[in-house]
Amino acid sequence: MARPLSDRTPGPLLLGGPAGAPPGGGALLGLRSLLQGNSKPKEPASCLLKEKERKATLPSAPVPGPGLETAGPADAPSGAVSGGGSPRGRSGPVAGPSLFAPLLWERTLPFGDVEYVDLDAFLLEHGLPPSPPPPGGLSPAPSPARTPAPSPGPGSCSSSSPRSSPGHAPARATLGAAGGHRAGLTSRDTPSPVDPDTVEVLMTFEPDPADLALSSIPGHETFDPRRHRFSEEELKPQPIMKKARKVQVPEEQKDEKYWSRRYKNNEAAKRSRDARRLKENQISVRAAFLEKENALLRQEVVAVRQELSHYRAVLSRYQAQHGTL
């Protein structure tokens with residue numbers, strides 16, 4: 001149980017110690033006796049010796065801080081005071097640790113030396129994906145120069161504009177190139193329709209030069225089975241024309257007009273046969289190319305179908321675990 005107030009240690013020990021003791025020694029001794037209760041306070045002489053040993057280890061001229069009492073001269077005795085009265089009202093040496101550095105609130109933070117770094121440039125330097133482009137595929141407008149807000153602390157007197165280091169210029173140029181690359185990726189999200197006539201299959205097809213010569217018109221460009229396209233009329237099957245019945249002409253009627261007409265008919269028949277053979281040769285060479293191309297395309301279709309079935313299986317497993325997309 002706590003003792004009554006009359007039995008406790010008298011109050012003078014809290015305010016001041018015995019004569020010759022340091023001003024703070026009595027207060028510490030009274031506080032300790034108040035906390036210990038019935039225990040007997042220690043002798044002032046031992047406290048005085050410990051106080052002298054502690055002061056001997058400390059430097060002779062501590063740096064005072066704001067709001068603290070200024071210590072007296074170094075050669076003054078520890079028990080000397082400058083005036084009478086209670087220890088709270090007079091100035092003297094302060095018992096307790098002294099500050100050897102300026103206080104935190106007295107430091108002036110270098111707000112003017114802060115450099116602002118672009119977020120996208122920082123992400124690109126560290127190998128991280130940049131921020132997504134704004135909607136519409138438009139490049140973001142350059143942000144105006146930002147001025148740092150001054151701190152409300154007492155040490156901040158003025159703030160200067162942020163300085164841009166020369167290393168930021170290539171980073172911004174890289175950022176612009178990356179922005180254009182992202183815009184290109186956005187435009188390729190919905191691919192434009194591809195003309196089938198412009199698609200070329202990677203294959204090796206070397207036709208016989210004699211076949212190409214028979215398939216080409218003399219004096220014109222060499223027939224190319226890869227690029228040549230036949231019209232619908234040319235691909236239609238030609239009807240078989242019945243040969244006309246041969247008419248026997250007597251020898252006395254074979255005049256010059258007859259031979260002229262006969263010569264013209266023979267020339268027309270020869271031209272028709274040559275054109276028909278040329279067309280047949282072109283179709284045969286073109287068909288050989290298309291057969292080989294068709295075989296390669298069938299192999300590609302089989303590979304694409306296998307890949308599609310694999311990705312469908314992966315998608316079905318993902319949807320079974322995480323739900324539909």
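Cβ atoms here come from the backbone N, Cα and C positions, even for glycine.
Swiss-Prot annotations:
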COMPBIAS  17-28  compositional bias 'Gly residues'
COMPBIAS  71-80  compositional bias 'Low complexity'
COMPBIAS  88-98  compositional bias 'Low complexity'
COMPBIAS  129-153  compositional bias 'Pro residues'
COMPBIAS  154-171  compositional bias 'Low complexity'
DOMAIN    255-318  domain 'bZIP'
MOD_RES   Ser86  phosphoserine
REGION    1-98  region 'Disordered'
REGION    124-203  region 'Disordered'
REGION    230-256  region 'Disordered'
REGION    257-279  region 'Basic motif'
REGION    283-297  region 'Leucine-zipper'
Close approaches to the region 'Leucine-zipper' (283-297) from elsewhere in its chain (Cβ under 8 angstroms; 6 or more beyond its ends): 201, 203, 205, 207, 211-212, 215, 223, 225-226, 228, 230
Summary of DSSP states over the region 'Disordered' (230-256), given as helix, strand and coil counts: 8 helix, 0 strand, 19 coil
Stretch-averaged pLDDT - the domain 'bZIP' (255-318): 93
